[in-house]
């Protein structure tokens, strides 16, 4: 049978529940690929009631026979990776023999973290709300063609020469502009070299490995981090992350051609959340917003920050569906809406008195939009753990069907709880 590749993408501002869905889909995949972002992602998996949070290693690591890949589009913090490996291996998960890392990954280093944190402090109230982990500065170095890549780590003299140049540049900024302490060359060099030996066995030609896996009939799963509305090009710029979190990023960030992406699964919550700064048209500041946050346990897996909550935004989802070429939707956290008398859906916006049915481009265009709502009846029966669509409360079914009508894409999967088994499958992505 020919191999099939599925891309999992967040369609909102991240935190849509991708980790659980990737973990569930790995049942059908022989390889799972991270293709963008860094250890700013927080993917929470619950298996048999046991909770694991992964930041860098693909969620497929919890399945014994799955090979995990970190593609060239990921910025790699070696210390964070080794810490995560140690945590998993202490829990009995074999990582080292099942993880392949692209030699082209740019490295996140101490000067990137120092810059990230100094900038956020300097911006004060105008801050973007980064995780302070050096992600943005590492991507900047990549684009400026001065990044140190994983392959450089195994050549001490080459690494030292490049590091000297890069530190001259960044330390000048840290000292003279941000007025903070500079980063030590010797400490950085010794620290990075100390990690090289453990990393070396996992370094691979990832594009070739993925090509060979497909050729041998293996299904691949591409695991997106963050969400479409945080994409550097298509998100609510400048309140965005520094990578392409859209389906197109799966191709560039892994070295697998776009024609090999056979199905794109867009993950969306049954409501909307956002972490950090930036426009959010359907944000709620009332008791309902509080209720969604508490019932949905809306605290970031990476930062612990409380997420902002609001109604489901079909106009924003429509933008994500078009950008990603979404084949089908997976709706998560439906149970959080259980018990609400009325459920509101944003179907468009008023902008300067004119109606618009799709999210405008860029933060400035979105800041003053007025959402246009459609009210749907809520349901009182629980949806928790339901595994058949027709066993959902009738009004919950109506809500999901309305979502399909508004977005013109089928709801193929519904998540009704954090565990793998709490899933309704209407059309399986690997069978679609």
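Every residue, even glycine, has its Cβ placed from backbone N, Cα and C.
Reduced to three states, the DSSP call for residue 44 (GTP binding site) is strand. Residue 44 (GTP binding site) has a Cβ environment of 18 other Cβ atoms inside 10 Å. Residues annotated as GTP binding site in Swiss-Prot: 14-20, 42-44, 307, 333-335, 415-417.
Note on residue 15 (active site, proton acceptor): other Cβ atoms within 10 Å of its Cβ, all shown chains, come to 29. Summarising the annotation, Swiss-Prot assigns active site, proton acceptor to 15.
There are 19 other Cβ atoms within 10 Å of the Cβ belonging to residue 42 (Mg(2+) binding site). Among the features that Swiss-Prot reports, Mg(2+) binding site is placed at 15, 42.
The Cβ of residue 43 (active site, proton donor) has 25 other Cβ atoms within 10 Å, all protein chains considered. Annotation comment: Swiss-Prot describes 43 as active site, proton donor, evidence class sequence analysis.
If you look up Swiss-Prot, you'll see 301, 302, 303, 304, 305, 306, 307 marked as substrate binding site. A C-beta separation below 8 Å, combined with a sequence spacing of at least six in one chain, links residue 304 (substrate binding site) to none of the other residues.
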Near residue 17 (GTP binding site), meaning Cα within 10 Å, which of 43, 303, 305, 306, 307 (recorded positions)?
43
Over all shown protein chains, what is the count of other CB atoms within 10 A of the CB belonging to residue 14 (GTP binding site)?
28
Which residue, of the binding-site residues 306, 416, has its CB surrounded by the fewest other CB atoms within 10 A?
306
Looking at the recorded positions 42, 43, 303, 305, 306, 307, which ones sit with their CA no more than 10 Å from the CA of residue 20 (GTP binding site)?
43
Residue 334 (GTP binding site) - helix vs strand vs coil (DSSP)
helix
